[in-house]
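Undergrad: So Swiss-Prot lists the following for this protein:
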type     : residues      : note
ACT_SITE : Asp166        : active site, charge relay system
ACT_SITE : His207        : active site, charge relay system
ACT_SITE : Ser383        : active site, charge relay system
DISULFID : Cys224-Cys375 : disulfide bond
DISULFID : Cys316-Cys346 : disulfide bond
DISULFID : Cys467-Cys493 : disulfide bond
DOMAIN   : 128-452       : domain 'Peptidase S8'
DOMAIN   : 460-596       : domain 'P/Homo B'
SIGNAL   : 1-24          : signal peptide
Amino acid sequence: MEGGCGSQWKAAGFLFCVMVFASAERPVFTNHFLVELHKDGEEEARQVAAEHGFGVRKLPFAEGLYHFYHNGLAKAKRRRSLHHKRQLERDPRIKMALQQEGFDRKKRGYRDINEIDINMNDPLFTKQWYLFNTGQADGTPGLDLNVAEAWELGYTGKGVTIGIMDDGIDYLHPDLAYNYNADASYDFSSNDPYPYPRYTDDWFNSHGTRCAGEVSAAASNNICGVGVAYNSKVAGIRMLDQPFMTDIIEASSISHMPQLIDIYSASWGPTDNGKTVDGPRELTLQAMADGVNKGRGGKGSIYVWASGDGGSYDDCNCDGYASSMWTISINSAINDGRTALYDESCSSTLASTFSNGRKRNPEAGVATTDLYGNCTLRHSGTSAAAPEAAGVFALALEANLDLTWRDMQHLTVLTSKRNQLHDEVHQWRRNGVGLEFNHLFGYGVLDAGAMVKMAKDWKTVPERFHCVGGSVQNPEKIPPTGKLVLTLKTNACEGKENFVRYLEHVQAVITVNATRRGDLNINMTSPMGTKSILLSRRPRDDDSKVGFDKWPFMTTHTWGEDARGTWTLELGFVGSAPQKGLLKEWTLMLHGTQSAPYIDQVVRDYQSKLAMSKKQELEEELDEAVERSLQSILRKN
């Protein structure tokens, strides 16, 4: 990421850390190779690949790097293909050849055992309660995305393209065909430009088609329902449907056509089994850094991620995609405002939309498109939540195409609402600058009407800086009872070029081991008194060897706060049996702006979070100006 942790890569103007992973399982090797040539050039790469029996694609985010794939090799096996690796390495034109290891990535579509298979031929618009909640399926009237207001203002997603990174989309579907962007689509599983889902008897590969319909299903055509941004274009990026994922396929997907695709929607991630700690590898991190730095003509690609379906047994801060600063992590609520049974909670979630996962009423699910021209009422999971958010962001982009990836995060914080959301476990709290948040729902449910109105007048936020706020490097034991409490006092790099005054994201980069990792609980409190739960108990995680190795736990809960002062880290165990642990490292990474981000913004609603934040910034600037004047007078005397 954009600061120091683990080993570091310098790419696209960003210094970011490579997450370190360890596993006791035997590695799986795929038919994909990362190849670096001494002399960069696509013609030479094609020639080299052809001579060795490989297909080839250039990686757009790095010079000299190519994706070689061999269709004659098994897609996954336990042993390396040393013959092909050595054959490539002996070629004098090749600088490096690395066979890609495979790893698991799972779709986040929750499936209830009592789900009802209903295919509707009639329009489903009246059943799309997440667009207009009138109380359908015993829902709470008014608890929806407020798209009506955005549509009435004339914003329907026109001119915006959303890429669905998934198992493909049925681009022949009559509700999707008109809005399908073929030029921005690709199949990385089959290496061709036709990302159509692979047929299975159980319709397992319907996931991407359902997500696409939520975003871009056409309006007023008497087919299925209506997309959140029904005049937007949708691109299919097929990359999930294979035995194992590889770093090179993830990176290629995330970096695909960043000048054509505005928003990338991902409803997948590491296995949600409550015991996995995993995230993007080196190439994917590099691709994401390149995307936020160079995508959309330098305004930055917008990555929307489903926060996870592991429920109370998991923590989405153990998912390096959902907890990345470069993604907008989205959780879900059901139609009456309660949490879904599969919802994971963590401090990195920015906001929420809607799905199902608690009610047996079939109409409480998400209505959308399905395979082979069909419709469905049963889409669910945070898989359904992320595309809804992508649709809302498309509406905001139509209102203001100059929005950067960071602008979109600021707008999300400022316009999301508590509404009638109810978390039975975690209370709603206010941070040090008065912004209300929840550990599961983030800053609340997206409000499309409020977002497009604010986006119209929005001025790009100031430059972002990164500061290492301090570090604890001496090993400290975590007691079986009680807590290990550590403090770091920081000036947030004040007086230096990278001073951070107004926070956006905060990372606690931690190396720690425990006799049972799942019983470990980590909290961090800011100088302004905001407590973030960085890691909650995961009862299924029995790990006693790997722990966390330079893992960047992230919080958005201190958004807008002053980073200067004393930060407190607390580590303890929650569980029935006594455990022991050792904290080896804690590094505090601060990310934000030097100047006030909202002081120049236009305020239309004087009851809004923007009005409150701007008022506070003006008061703080005045106080600091008075303090500087007093110090100047004292020095003269």
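A Cβ is built for glycine as well, from the same backbone N, Cα and C atoms used for every other residue.
If you look at the structure here, what lies around each of the features I listed?
TA: Look at Asp166 (active site, charge relay system): DSSP puts it in a strand.
Secondary structure at His207 (active site, charge relay system), as computed by DSSP, is helix. When other Cβ atoms within 10 Å of the Cβ of His207 (active site, charge relay system) are tallied across all protein chains shown, the result is 27.
According to its DSSP assignment, Ser383 (active site, charge relay system) is helical.
Cys224 (disulfide bond) carries neither a helix nor a strand DSSP state and counts as coil. Around the Cβ of Cys224 (disulfide bond), 29 further Cβ atoms fall within 10 Å across all displayed protein chains.
Following the DSSP three-state reduction, the secondary structure of Cys346 (disulfide bond) is coil.
Same-chain residues at least 6 positions away in sequence with a Cβ under 8 Å from that of Cys493 (disulfide bond) are, in sequence order, Phe465, Cys467, Val468, Gly469, Phe499, Val500, Leu590. Secondary structure at Cys493 (disulfide bond), as computed by DSSP, is coil.
Averaged across the domain 'P/Homo B' (460-596), the predicted model reaches a pLDDT of 98.
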Undergrad: Given the recorded positions Asp166, Cys224, Cys316, Cys375, Ser383, which lie close to His207 (active site, charge relay system), meaning Cα to Cα within 10 A?
TA: Asp166, Ser383
Undergrad: Please identify, among the recorded positions Cys224, Cys316, Cys346, Cys375, Ser383, the one with the smallest Cα-Cα distance to Asp166 (active site, charge relay system).
TA: Ser383
Undergrad: For Cys346 (disulfide bond), list the number of other Cβ atoms lying within 10 Å of its Cβ atom.
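TA: There are 29 of them.
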Undergrad: List the Cα distance (Å, whole number) between Cys375 (disulfide bond) and Ser383 (active site, charge relay system).
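TA: Per the Cα atoms, Cys375 (disulfide bond) and Ser383 (active site, charge relay system) stand 17 Å apart.
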Undergrad: Using Cβ-Cβ distances, find the residues under 8 Å from Cys316 (disulfide bond) that belong to the same chain and are at least 6 apart in sequence, listing them in sequence order.
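TA: Spatial neighbours, sequence-distant, of Cys316 (disulfide bond): Ser307, Gly308, Gly310, Ala322, Ser323, Ser329, Glu344, Ser345, Cys346, Ser348, Thr349.
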Undergrad: I'm trying to understand the geometry here, so how far is the Cα atom of Ser383 (active site, charge relay system) from the Cα atom of Cys224 (disulfide bond), in Å to the nearest whole number?
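TA: Ser383 (active site, charge relay system) to Cys224 (disulfide bond), Cα-Cα distance: 19 Å.
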Undergrad: Can you tell me whether DSSP puts Cys316 (disulfide bond) in helix, strand or coil?
TA: helix
